[in-house]
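See below for the structure under consideration.
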Amino acid sequence: MRTAFYLLPLAMAPLFANDFWLVQILGRALSLGVIALSLTFLAAYLGVVSFAQTTMAGVAGYTVAYFGPNTVDVGYELPFYVILPLAMIMATLSGALIGLIARRSQGIYAIMITLAIAVAFFYFTRQNYSVFNGWTGFSGLRAPDIAGINLRAPVPFYLLCLGVAALSLVLVNGFIKSPLGLTIQAVRDEPKRVLAIGIPTTPVIVAAYAFAGFIAGSGGILNIWLQERISSFSVGLGPIVDILVIAVIGGLKHPIGAFIGAIAFVLLDTFAVDFIDRERFNTLIGLVLLAIIMGAPDGLHGLAKSWLSRSAKRPAKIKT
Amino acid sequence: MFTNLRAITMTSILALGVFTAPASAEDIKIGVISILEGAFAALGQDGIRGAELAVAEAGGEVAGNKIEVITMSSDASPDSAVNAARKLIEQDGVDIIVGPLSGSEGLALRDLSKSYPAVTFLNGSSAAQDTTLRDSSDNFFRFGGDGAQWMAGVGNYAHDDLGYQKVAVVAEDYSFPYTQVLGFMTEFCAAGGSVPDKFWTPIGTKDYSSVVYSIPSDVDAIFVALGGADAVNFLTQYNQAGGDKPIIGGSITIDQSILDSEGPFKKQLIGAPAGTPTVSDLDGTEWKAFTASYTEHFPDGFTAPSIFAHHYYMSAHAAVLALEEVKGDLSGDQAAFRAALSDLQFVTPTGGTMRLDENRNGIVDNFVTEVFEREDGTLGNRVVKIISDVDQSLGQDPSAFLAQGPVSRDNPSCP
């Protein structure tokens, strides 16, 4: 019910928003939000901050680029109904692999190990020409046509992003209530007690990372359809930090925070240069982010929630 | 499939145009994309100055139409250049885009320009070869050369005048240095020289020791196509390791900031040749007038316009001249404006005549420079040769030049 309450106005957006807002603002925010959601999921339910979510998204993106239509003569073209499942499988596997490597690490060590993997992947894509086409990467990537509708046309692309975002939110909410999801949260809180009742923690942690890889992969595919290109820059330190920033300003406690953060981030990233002297716009972005983090330690979602609960309480006070 | 996408994009742009039509009837909007963040910020800023200078010299208007300049930053990545261009086109409704700064960004905007046939793209300073040579786009113009044209004359000078037979190459591993190496090797190999080894290093490399010790001892010189801190690091480490081969520089290797830095490697640079389209202390009336205008408009800018200000200026200047010719008329998908651009000829700040080839790439004049020691012991670059009318196929038959295949790590090769 509540999901429909949020979804309805969003689904109506094509009626009043122009193409720029649909694709460059909302579409971009939703696809970044899906990648950030995978980070929020790991942070909230496994208690691990992973810097490797952009890498998992990049694996899906590179799979689509290598096996899909591109203009750089690298790769092998397959039909899209083979590419998409393949890309999701690759992203899930990459998540599982990263989880396997990082399974014993927590806190700052998990950050370091996932960051190391992400940066290693970035340099690998930049140096390898046979699969990743190095510095230049892939361009001319087109989203497929399904039933005569091009998925990259503004309205279909926006609705697709909205659908994927809603679906992944539902998926995350369902997953955390499943036995496996509950075990993941148990591992977060008391790994020793989980072990003591006879459940090995490694498969549970790997499963959590693999699930995060699946979510990040779907965001990654949307993102390269939006950009119509992918290169080593797309998996570099900049995008890695962007995803972290999105997740943190949105709020790491609830999955919806990823999308709130993504909208705030994309708006800032796009329009800051219009509000302030062009040499200083990064300062403005930094100051706003700083203000959000200082004023709302639980992110924008936490802030909104506390405002809502405060305004809900006030009428109650008047009654007494 | 693609035409369908194109049709949809076109209709959506037209639909957008309906809403912005009242504003664009009087104002002409030029969007400028340059790198205003990160390591290139200071240089990218100078590119913007170049574009603004061209508009300011025209009095900020053409045939009664006000010109509005909107700037947007990219961060050297193709993704950010594409996002910046989309924002300028779809949100700000610009008619013309000037930019971007670096090679891979140029390739990305060339691809993007095919989706926006109603907007004209004028390259900033990006100099990858294939931006205009292969898959060129009808609405993408480059009033300048590519990285290979910027090396014209150096290969011959190294072989004929300096007598080098064997040269090793050390260059960064991306599209712009590839193009520079191609420009050097095309002449050098044709003149009879050989390049036994090429070393491609990632941009931002700090430790060059493995490269320094792999350079064959029987080469006559080393062609170094590295930029900024990479060049300083390599030259310092090469000198410290006892290397004494002469150096040949790329277009951004031996700039004044390197010559002004401290270090024993400087002595080794005296006499080193390099190729460049922009010489900051060129002795010519046009350049002196350009520098005077630059310092007058931007007292807080550099002491002389950089290669970036020079190239952004030429593109924006070309836009202004073509707009004057068509009296600011951009109707009919800018057809008249583009025809005017294609036929445009004007005198560049370096004294040459700028005009375009059929791929809308500039035919340019290039300079071979040499490092010399001034009387006070400081170093500077001086012009030893001017190569006029360098086209994109470097004087070869265009179809034979194309048949050599796209530039890469291994192409060209003459071991």
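Including glycine, each Cβ sits where the backbone N, Cα and C put it.
Quick caveat, the model's predicted, so the values are computed rather than measured.
Annotated in TrEMBL:
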type     : residues  : note
TRANSMEM : A:27-48   : transmembrane segment
TRANSMEM : A:55-72   : transmembrane segment
TRANSMEM : A:78-101  : transmembrane segment
TRANSMEM : A:108-125 : transmembrane segment
TRANSMEM : A:157-176 : transmembrane segment
TRANSMEM : A:197-224 : transmembrane segment
TRANSMEM : A:230-249 : transmembrane segment
TRANSMEM : A:256-276 : transmembrane segment
TRANSMEM : A:282-304 : transmembrane segment
Contact call for the transmembrane segment (A:157-176) and the transmembrane segment (A:108-125): at least 3 Cβ pairs under 8 Å, seq gap 6+:
no
Residues of the parent chain within Cβ reach of the transmembrane segment (A:197-224), under 8 Å, 6 or more residues beyond its termini:
27-28, 30-39, 41-42, 45-46, 50, 53-54, 56-61, 64-65, 84, 87-88, 90-96, 98-100, 102-103, 141, 160-161, 164, 168, 171-172, 175, 180, 183-184, 187, 191, 230, 234
If we call contact 3 or more Cβ pairs under 8 Å (sequence gap 6 or more), are the transmembrane segment (A:256-276) and the transmembrane segment (A:108-125) touching?
no
Long-range neighbours of the transmembrane segment (A:55-72), counting only residues six or more past its ends (CB under 8 A):
35, 38, 78, 80, 82-84, 86-88, 90-91, 94-95, 98, 117-118, 121-122, 125, 131-133, 136-142, 212-213, 216-221, 223-224, 230, 234-235, 240
Is it true that the transmembrane segment (A:230-249) and the transmembrane segment (A:78-101) have 3 or more CB pairs under 8 Å, sequence gap of 6 or more?
no
